[in-house]
Amino acid sequence: MAQIRIHEENTRIENEVEVSNFLQGEDVLYEKWNISKLPTHLKENYSLTDENKAEILTLFSKEIADVSERRGYKAYDVVSLSNSTPNLDELLINFQKEHHHTDDEVRFIVSGHGIFAIEGKDGRFFDVELEPGDLISVPENARHYFTLQDDRQVVAIRIFVTTEGWVPIY
């Protein structure tokens, strides 16, 4: 279950209903998908082959199709980041630059953890700490950035409005 941390106050929201209500109030789509169908060989596997990535997409194809139909998404892929990722520190520096997109930024966490820091409607930033099974859609034009949690590893399905993917606007 995702958790929220409000930067300015350093307060946390950890209750499932309160997290869902908070995100809904910020126009952030949040869903919990069933991660238990992930087979053992893909759990906590951060060195994925193309076949592994295709298997992950197949496992969650119904959920991807459902959210895509509801929200107009057109493309998707799987990304894996860990300490074995070449230039991970450089990638994280780039990810941590505050930006926005002209379309939604959607991620479903398969393994590991990630954090989206999002500027709320009141101008204050909050973190959405994500774990396996969490799907988030950061709304278009919302200022945000992404980083990893202390374990520095994540496998995520990225879902896009266009086949070109997101274009960051700094």
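Positions of Cβ are set from backbone N, Cα and C atoms, glycine also.
Per Swiss-Prot, the features are:
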- E98: site 'May play a role in metal incorporation in vivo' (SITE)
- H99, H101, E105, H144: Fe(2+) binding site (BINDING)
- H99, H101, E105, H144: Ni(2+) binding site (BINDING)
- D104: site 'May play a role in transmitting local conformational changes' (SITE)
- R107: site 'Important to generate the dianion' (SITE)
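Annotated features taken from Swiss-Prot, shown on the structure.
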{"residue": "E98", "record": "site 'May play a role in metal incorporation in vivo'", "DSSP class": "coil"}
{"residue": "D104", "record": "site 'May play a role in transmitting local conformational changes'", "DSSP class": "coil"}
{"residue": "H144", "record": "Fe(2+) binding site", "DSSP class": "strand"}
Here the Cα-Cα span from R107 (site 'Important to generate the dianion') to H99 (Fe(2+) binding site), rounded to a whole number of angstrom, reaches 16
E98 (site 'May play a role in metal incorporation in vivo') to E105 (Fe(2+) binding site), Cα to Cα, whole Å, comes out at 13
D104 (site 'May play a role in transmitting local conformational changes') sits from H144 (Fe(2+) binding site) (Cα to Cα, rounded, in Å) at a distance of 11
In this structure, the one of the recorded positions E98, D104, E105 whose CB has the fewest other CB atoms within 10 Å is E98
